[in-house]
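Right, one structure below, let's go through it.
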Amino acid sequence: MQFSLATIATVAAAVSALVCPYTKRDAVAAFTSPPLSSADHKSCPADTPVSCSSGAGSADLCCTESPGGVLVLTQFWDWTPAIGPDDLFTLHGLWPDNCDGSYAQFCDKSMEVQSVAAVLQQLGETELLDKMNKIWIPNRGSTDSFWTHEWNKHATCMSTLKDKCYSSDAPQYQSLADWAHTVVNVFETVNTYKFLEAAGITPDSSKTYAKTDFLNALNSNFDGKQVHISCKSGYISEVWYYFHLKGSVVSGQYLPIDDIGSSSCPDQIKFPPKDGSGGTPPPTDPSDPPTGGSKGFINISGQSGCLISNGNWYTSGTCATYTLGESQYGGVTLTSSKGPCDVVNGKFSCASGNNAGQFTQDGSNIVYGGKSDWSAPSVPSGSQQVGVSPGSAGGSVSFNLVFAAK
(Lines of atoms letter the chains of each structure in order from A; the text may use other names.)
(Lines give C-alpha, C1' and ligand atoms only; values in the text may rest on other atoms or scores of the structure.)
Protein backbone atom coordinates (compact mmCIF):
# COMPACT_ATOMS: atom_id res chain seq x y z
CA MET A 1 0.00 0.00 0.00
CA GLN A 2 1.32 3.42 -0.92
CA PHE A 3 0.52 6.77 0.70
CA SER A 4 0.78 10.22 -0.77
CA LEU A 5 3.23 12.73 0.70
CA ALA A 6 0.27 14.82 1.86
CA THR A 7 -1.17 11.85 3.77
CA ILE A 8 2.17 11.09 5.37
CA ALA A 9 2.54 14.76 6.42
CA THR A 10 -0.94 14.76 7.95
CA VAL A 11 -0.25 11.59 9.95
CA ALA A 12 3.13 12.94 11.08
CA ALA A 13 1.54 16.16 12.29
CA ALA A 14 -1.09 14.20 14.24
CA VAL A 15 1.55 12.00 15.87
CA SER A 16 3.60 15.07 16.73
CA ALA A 17 0.59 16.67 18.38
CA LEU A 18 0.05 13.54 20.49
CA VAL A 19 3.70 13.30 21.52
CA CYS A 20 4.12 17.02 22.13
CA PRO A 21 0.66 18.57 22.60
CA TYR A 22 1.91 22.06 23.46
CA THR A 23 1.28 24.93 21.09
CA LYS A 24 3.90 27.48 20.18
CA ARG A 25 2.36 29.87 22.69
CA ASP A 26 2.85 27.29 25.46
CA ALA A 27 6.54 26.81 24.72
CA VAL A 28 8.81 27.90 27.54
CA ALA A 29 11.07 30.80 26.64
CA ALA A 30 14.51 30.77 28.20
CA PHE A 31 15.17 33.70 30.49
CA THR A 32 18.39 35.54 29.73
CA SER A 33 20.03 37.33 32.63
CA PRO A 34 20.96 40.91 31.66
CA PRO A 35 24.65 41.63 31.05
CA LEU A 36 25.75 43.42 34.21
CA SER A 37 29.11 44.82 35.19
CA SER A 38 30.75 47.28 37.53
CA ALA A 39 34.25 48.58 36.95
CA ASP A 40 34.59 49.44 40.63
CA HIS A 41 33.16 46.32 42.30
CA LYS A 42 35.39 43.52 43.53
CA SER A 43 35.90 40.76 40.93
CA CYS A 44 34.21 37.48 41.81
CA PRO A 45 35.53 34.00 40.91
CA ALA A 46 33.73 31.77 38.43
CA ASP A 47 33.01 29.16 41.12
CA THR A 48 31.16 31.64 43.33
CA PRO A 49 28.29 29.76 45.08
CA VAL A 50 24.73 30.51 44.06
CA SER A 51 22.79 32.36 46.75
CA CYS A 52 20.80 30.13 49.13
CA SER A 53 22.94 27.11 48.17
CA SER A 54 24.79 25.01 50.75
CA GLY A 55 28.02 26.95 50.20
CA ALA A 56 26.50 30.43 50.35
CA GLY A 57 26.77 30.86 54.12
CA SER A 58 30.57 30.63 54.17
CA ALA A 59 31.18 32.48 50.89
CA ASP A 60 32.64 35.94 50.33
CA LEU A 61 29.67 38.21 51.02
CA CYS A 62 30.88 40.63 48.36
CA CYS A 63 30.31 37.89 45.78
CA THR A 64 27.40 35.91 47.22
CA GLU A 65 24.28 37.70 48.42
CA SER A 66 23.52 36.54 51.97
CA PRO A 67 21.36 36.31 53.99
CA GLY A 68 19.05 37.98 51.43
CA GLY A 69 19.71 35.39 48.75
CA VAL A 70 16.31 35.57 47.05
CA LEU A 71 16.09 38.62 44.78
CA VAL A 72 12.55 39.76 43.97
CA LEU A 73 11.86 42.08 41.00
CA THR A 74 8.48 43.70 41.61
CA GLN A 75 6.15 45.61 39.29
CA PHE A 76 2.92 47.65 39.65
CA TRP A 77 -0.23 47.81 37.53
CA ASP A 78 -1.63 51.17 38.70
CA TRP A 79 -4.75 52.04 36.72
CA THR A 80 -6.67 54.41 38.97
CA PRO A 81 -5.15 56.87 38.96
CA ALA A 82 -3.19 55.76 35.92
CA ILE A 83 0.56 55.67 36.57
CA GLY A 84 3.05 55.29 33.73
CA PRO A 85 2.52 54.29 30.09
CA ASP A 86 -0.68 52.45 29.14
CA ASP A 87 1.32 49.42 27.99
CA LEU A 88 3.72 49.03 30.91
CA PHE A 89 3.71 47.43 34.34
CA THR A 90 5.83 50.01 36.12
CA LEU A 91 8.83 49.20 38.29
CA HIS A 92 8.43 48.84 42.04
CA GLY A 93 11.84 47.58 43.15
CA LEU A 94 14.40 44.80 43.61
CA TRP A 95 14.29 43.27 47.08
CA PRO A 96 16.64 40.87 48.91
CA ASP A 97 14.45 38.33 50.71
CA ASN A 98 15.95 35.73 53.02
CA CYS A 99 15.98 32.15 51.77
CA ASP A 100 13.01 31.28 54.04
CA GLY A 101 10.86 34.08 52.59
CA SER A 102 11.32 36.53 55.46
CA TYR A 103 13.27 39.74 54.94
CA ALA A 104 15.28 42.43 56.68
CA GLN A 105 14.80 46.14 56.09
CA PHE A 106 16.66 49.42 56.72
CA CYS A 107 19.76 47.39 57.60
CA ASP A 108 22.63 49.88 57.48
CA LYS A 109 22.15 53.52 58.42
CA SER A 110 25.65 54.34 57.15
CA MET A 111 24.46 53.52 53.62
CA GLU A 112 21.28 55.59 53.76
CA VAL A 113 20.95 58.72 51.62
CA GLN A 114 18.62 61.71 51.64
CA SER A 115 18.09 61.78 47.87
CA VAL A 116 18.82 59.10 45.27
CA ALA A 117 18.19 61.64 42.51
CA ALA A 118 20.78 64.04 43.92
CA VAL A 119 23.38 61.26 44.15
CA LEU A 120 22.76 60.17 40.55
CA GLN A 121 22.94 63.77 39.35
CA GLN A 122 26.24 64.16 41.18
CA LEU A 123 27.56 61.05 39.39
CA GLY A 124 26.43 62.34 35.99
CA GLU A 125 23.74 59.67 35.53
CA THR A 126 21.29 61.92 33.64
CA GLU A 127 20.34 59.31 31.04
CA LEU A 128 19.58 56.78 33.76
CA LEU A 129 17.48 59.35 35.63
CA ASP A 130 15.47 60.10 32.48
CA LYS A 131 14.64 56.42 32.12
CA MET A 132 13.81 56.00 35.81
CA ASN A 133 11.36 58.91 35.63
CA LYS A 134 9.43 57.05 32.91
CA ILE A 135 9.34 53.53 34.33
CA TRP A 136 10.01 53.72 38.11
CA ILE A 137 7.04 55.71 39.33
CA PRO A 138 5.16 55.54 42.65
CA ASN A 139 1.41 55.81 43.04
CA ARG A 140 1.92 58.50 45.66
CA GLY A 141 4.69 60.91 46.58
CA SER A 142 7.62 61.98 44.41
CA THR A 143 9.77 59.67 42.33
CA ASP A 144 12.87 60.69 44.28
CA SER A 145 11.33 59.94 47.68
CA PHE A 146 10.21 56.56 46.32
CA TRP A 147 13.66 55.64 44.96
CA THR A 148 15.24 56.83 48.21
CA HIS A 149 12.83 54.66 50.19
CA GLU A 150 13.70 51.63 48.02
CA TRP A 151 17.45 52.20 48.49
CA ASN A 152 17.26 52.85 52.23
CA LYS A 153 14.84 50.00 52.96
CA HIS A 154 16.10 47.26 50.63
CA ALA A 155 19.50 48.01 49.09
CA THR A 156 21.10 48.71 52.47
CA CYS A 157 20.43 45.02 53.25
CA MET A 158 22.38 43.75 50.21
CA SER A 159 25.70 42.30 51.34
CA THR A 160 27.35 42.72 47.92
CA LEU A 161 26.80 46.50 47.92
CA LYS A 162 28.84 47.27 51.04
CA ASP A 163 31.72 49.77 50.75
CA LYS A 164 34.26 46.99 51.35
CA CYS A 165 33.14 45.38 48.08
CA TYR A 166 34.31 48.40 46.08
CA SER A 167 37.78 49.65 45.22
CA SER A 168 39.18 52.38 47.44
CA ASP A 169 39.22 54.87 44.56
CA ALA A 170 35.59 54.28 43.51
CA PRO A 171 33.46 57.44 43.48
CA GLN A 172 31.37 57.96 46.59
CA TYR A 173 27.99 56.21 46.25
CA GLN A 174 29.08 54.27 43.16
CA SER A 175 27.26 51.29 44.65
CA LEU A 176 24.01 53.27 44.49
CA ALA A 177 24.49 54.07 40.80
CA ASP A 178 25.36 50.42 40.09
CA TRP A 179 22.26 49.33 42.00
CA ALA A 180 19.98 51.69 40.06
CA HIS A 181 21.37 50.47 36.73
CA THR A 182 20.90 46.87 37.85
CA VAL A 183 17.29 47.33 38.96
CA VAL A 184 16.39 48.95 35.63
CA ASN A 185 18.26 46.31 33.60
CA VAL A 186 16.64 43.37 35.39
CA PHE A 187 13.23 45.04 35.07
CA GLU A 188 13.67 45.34 31.31
CA THR A 189 14.19 41.57 30.97
CA VAL A 190 10.70 40.80 32.32
CA ASN A 191 8.22 42.88 30.32
CA THR A 192 5.00 41.69 31.90
CA TYR A 193 2.71 43.59 29.54
CA LYS A 194 4.33 42.07 26.44
CA PHE A 195 4.26 38.58 27.96
CA LEU A 196 0.51 38.91 28.55
CA GLU A 197 -0.19 40.60 25.23
CA ALA A 198 1.51 37.76 23.33
CA ALA A 199 -0.96 35.37 25.00
CA GLY A 200 -3.96 37.50 24.03
CA ILE A 201 -4.36 39.04 27.49
CA THR A 202 -4.77 42.80 27.24
CA PRO A 203 -6.47 45.41 29.44
CA ASP A 204 -10.24 45.33 29.04
CA SER A 205 -12.87 46.99 31.21
CA SER A 206 -15.52 44.37 30.40
CA LYS A 207 -13.56 41.10 30.55
CA THR A 208 -11.98 38.89 33.16
CA TYR A 209 -9.15 36.44 32.58
CA ALA A 210 -8.54 33.06 34.12
CA LYS A 211 -5.80 33.11 36.73
CA THR A 212 -4.29 30.02 35.11
CA ASP A 213 -4.05 31.81 31.74
CA PHE A 214 -2.42 34.81 33.41
CA LEU A 215 0.17 32.62 35.10
CA ASN A 216 0.82 30.46 32.04
CA ALA A 217 1.57 33.57 29.98
CA LEU A 218 4.09 34.80 32.55
CA ASN A 219 5.62 31.47 33.56
CA SER A 220 6.27 30.49 29.94
CA ASN A 221 8.51 33.55 29.57
CA PHE A 222 10.37 32.91 32.82
CA ASP A 223 12.04 29.55 32.30
CA GLY A 224 8.76 27.87 33.24
CA LYS A 225 9.14 29.08 36.83
CA GLN A 226 6.10 30.19 38.81
CA VAL A 227 5.63 33.98 38.81
CA HIS A 228 3.83 35.68 41.71
CA ILE A 229 0.73 37.78 41.02
CA SER A 230 -1.11 39.97 43.53
CA CYS A 231 -4.63 41.34 43.28
CA LYS A 232 -6.76 43.82 45.19
CA SER A 233 -10.48 43.08 45.13
CA GLY A 234 -9.99 40.93 42.05
CA TYR A 235 -7.98 43.53 40.10
CA ILE A 236 -4.39 42.73 39.13
CA SER A 237 -2.09 45.00 41.15
CA GLU A 238 1.46 43.59 41.23
CA VAL A 239 3.67 40.97 39.59
CA TRP A 240 6.82 39.60 41.27
CA TYR A 241 9.68 37.63 39.69
CA TYR A 242 11.92 35.60 42.02
CA PHE A 243 15.62 34.87 41.44
CA HIS A 244 18.64 33.26 42.99
CA LEU A 245 21.88 35.02 42.20
CA LYS A 246 25.32 33.81 41.18
CA GLY A 247 27.71 36.64 41.95
CA SER A 248 27.03 40.16 43.17
CA VAL A 249 23.82 42.14 42.75
CA VAL A 250 25.51 44.49 40.27
CA SER A 251 27.51 42.02 38.15
CA GLY A 252 26.03 38.59 38.80
CA GLN A 253 23.77 36.18 36.95
CA TYR A 254 20.06 36.22 37.84
CA LEU A 255 18.59 32.69 37.92
CA PRO A 256 14.76 32.35 37.88
CA ILE A 257 13.15 30.35 40.68
CA ASP A 258 9.55 29.59 41.63
CA ASP A 259 7.43 32.01 43.61
CA ILE A 260 7.95 31.39 47.33
CA GLY A 261 4.86 33.35 48.37
CA SER A 262 1.13 32.83 47.88
CA SER A 263 -1.07 34.62 45.37
CA SER A 264 -3.91 36.87 46.51
CA CYS A 265 -5.72 36.62 43.16
CA PRO A 266 -9.07 34.88 42.58
CA ASP A 267 -9.68 32.37 39.79
CA GLN A 268 -10.90 35.18 37.50
CA ILE A 269 -8.81 38.36 37.30
CA LYS A 270 -9.80 41.85 36.21
CA PHE A 271 -7.19 43.67 34.09
CA PRO A 272 -8.53 47.22 33.61
CA PRO A 273 -7.00 49.67 31.12
CA LYS A 274 -5.28 52.83 32.28
CA ASP A 275 -7.55 55.05 30.16
CA GLY A 276 -10.16 55.51 32.87
CA SER A 277 -12.70 53.07 31.44
CA GLY A 278 -12.05 50.43 34.07
CA GLY A 279 -14.83 51.61 36.36
CA THR A 280 -14.62 52.72 39.96
CA PRO A 281 -11.58 51.94 42.08
CA PRO A 282 -11.74 48.74 44.12
CA PRO A 283 -12.73 49.18 47.76
CA THR A 284 -10.00 49.40 50.35
CA ASP A 285 -8.66 46.00 51.37
CA PRO A 286 -9.71 44.96 54.88
CA SER A 287 -6.02 44.88 55.82
CA ASP A 288 -5.47 48.49 54.76
CA PRO A 289 -5.59 50.93 57.69
CA PRO A 290 -7.78 54.02 57.53
CA THR A 291 -5.85 56.91 56.02
CA GLY A 292 -6.21 58.94 59.19
CA GLY A 293 -4.91 56.17 61.45
CA SER A 294 -6.65 53.71 63.75
CA LYS A 295 -6.12 53.52 67.51
CA GLY A 296 -6.01 50.32 69.52
CA PHE A 297 -4.11 47.94 71.78
CA ILE A 298 -1.54 45.30 70.81
CA ASN A 299 -2.39 42.03 72.53
CA ILE A 300 -0.36 38.82 72.84
CA SER A 301 -2.18 35.84 71.31
CA GLY A 302 -2.74 32.94 73.72
CA GLN A 303 -1.20 34.86 76.62
CA SER A 304 -2.20 37.46 79.18
CA GLY A 305 -0.93 41.00 78.96
CA CYS A 306 -0.17 43.32 76.08
CA LEU A 307 2.43 45.79 74.86
CA ILE A 308 3.07 48.95 76.84
CA SER A 309 4.20 52.26 75.37
CA ASN A 310 7.92 51.41 75.09
CA GLY A 311 7.08 48.24 73.14
CA ASN A 312 7.68 45.71 75.92
CA TRP A 313 5.29 42.95 77.00
CA TYR A 314 3.69 43.58 80.40
CA THR A 315 1.02 41.63 82.28
CA SER A 316 0.28 43.79 85.33
CA GLY A 317 -0.63 47.20 84.00
CA THR A 318 -2.64 49.15 81.47
CA CYS A 319 -2.22 48.45 77.78
CA ALA A 320 -0.75 51.30 75.75
CA THR A 321 -2.74 52.92 72.98
CA TYR A 322 -1.07 52.50 69.60
CA THR A 323 -1.85 54.38 66.42
CA LEU A 324 -1.85 52.28 63.27
CA GLY A 325 -1.05 54.48 60.27
CA GLU A 326 -0.63 54.04 56.57
CA SER A 327 2.99 53.84 55.41
CA GLN A 328 3.66 55.98 52.35
CA TYR A 329 4.86 53.14 50.13
CA GLY A 330 2.86 50.21 51.45
CA GLY A 331 2.31 48.56 54.79
CA VAL A 332 1.62 50.28 58.09
CA THR A 333 3.38 52.22 60.82
CA LEU A 334 2.87 51.97 64.57
CA THR A 335 3.24 54.80 67.07
CA SER A 336 2.79 54.98 70.84
CA SER A 337 3.04 57.91 73.25
CA LYS A 338 6.79 57.23 73.42
CA GLY A 339 7.25 57.78 69.65
CA PRO A 340 7.55 55.79 66.41
CA CYS A 341 7.87 52.02 66.66
CA ASP A 342 10.45 49.90 64.89
CA VAL A 343 12.51 46.77 65.42
CA VAL A 344 15.76 47.99 67.00
CA ASN A 345 18.59 45.58 67.81
CA GLY A 346 16.22 42.72 67.15
CA LYS A 347 13.43 43.88 69.48
CA PHE A 348 10.18 45.80 69.04
CA SER A 349 10.76 49.31 70.37
CA CYS A 350 8.88 52.59 70.51
CA ALA A 351 10.91 55.73 71.23
CA SER A 352 11.24 59.32 70.07
CA GLY A 353 14.56 58.62 68.34
CA ASN A 354 13.28 55.72 66.25
CA ASN A 355 12.56 55.71 62.56
CA ALA A 356 9.01 54.72 61.71
CA GLY A 357 9.39 51.02 60.95
CA GLN A 358 7.42 49.46 58.13
CA PHE A 359 5.06 46.70 59.23
CA THR A 360 2.31 44.82 57.42
CA GLN A 361 -0.82 43.03 58.57
CA ASP A 362 -2.18 39.52 58.19
CA GLY A 363 -5.74 40.11 59.31
CA SER A 364 -5.28 41.65 62.76
CA ASN A 365 -1.78 40.21 63.22
CA ILE A 366 1.21 42.55 63.03
CA VAL A 367 3.86 41.29 60.57
CA TYR A 368 7.48 42.42 60.36
CA GLY A 369 9.97 41.34 57.72
CA GLY A 370 7.51 38.77 56.39
CA LYS A 371 7.21 37.12 59.83
CA SER A 372 3.80 37.01 61.51
CA ASP A 373 5.10 35.12 64.54
CA TRP A 374 6.88 36.86 67.42
CA SER A 375 8.77 35.50 70.40
CA ALA A 376 10.09 36.28 73.87
CA PRO A 377 12.41 34.50 76.33
CA SER A 378 9.68 34.12 78.97
CA VAL A 379 6.22 35.25 80.05
CA PRO A 380 6.57 38.35 82.25
CA SER A 381 5.30 38.23 85.82
CA GLY A 382 4.64 40.91 88.38
CA SER A 383 6.22 44.20 87.35
CA GLN A 384 8.60 42.53 84.90
CA GLN A 385 8.78 43.81 81.32
CA VAL A 386 9.92 41.49 78.53
CA GLY A 387 11.06 42.50 75.05
CA VAL A 388 9.51 40.84 72.00
CA SER A 389 11.23 39.96 68.72
CA PRO A 390 10.01 39.03 65.23
CA GLY A 391 10.28 35.35 64.33
CA SER A 392 11.83 32.90 66.78
CA ALA A 393 14.93 34.93 67.66
CA GLY A 394 13.48 36.27 70.91
CA GLY A 395 13.16 32.99 72.76
CA SER A 396 11.00 29.93 73.35
CA VAL A 397 7.67 31.68 73.94
CA SER A 398 5.94 32.11 70.57
CA PHE A 399 2.84 34.19 69.78
CA ASN A 400 1.26 36.73 67.44
CA LEU A 401 0.95 40.45 68.07
CA VAL A 402 -2.73 41.21 67.56
CA PHE A 403 -3.94 44.76 66.92
CA ALA A 404 -7.29 45.30 68.63
CA ALA A 405 -8.94 48.50 67.46
CA LYS A 406 -10.58 50.65 70.15
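Heads up, the Cβ atoms here are built off N, Cα and C, so glycines get one too.
Note: Swiss-Prot links Cys99 through a disulfide bond to Cys52 (candidates: Cys44, Cys52, Cys62, Cys63). Each of Cys107, Cys165 is a candidate, yet Swiss-Prot gives the disulfide link of Cys157 to Cys107. In this structure, His92 (active site) is part of a beta strand by DSSP. Asn299 (N-linked glycosylation site) carries a strand DSSP state (E or B). Listed recorded positions near Cys44 (disulfide bond): Cys62 (candidates Cys62, His92, Cys99, Cys107, His154, Cys231; Cα-Cα distance within 10 Å). Considering only the recorded positions Cys62, Glu150, His154, Cys231, Asn299, the residues lying within 10 A of His92 (active site) on a C-alpha to C-alpha basis are Glu150. When the recorded positions Cys52, Cys99, Cys107, His154, Cys231 are screened for a Cα within 10 A of the Cα of Cys63 (disulfide bond), none qualifies.
On the backbone, the CA of Cys157 (disulfide bond) and the CA of Cys165 (disulfide bond) stand 14 Å apart.
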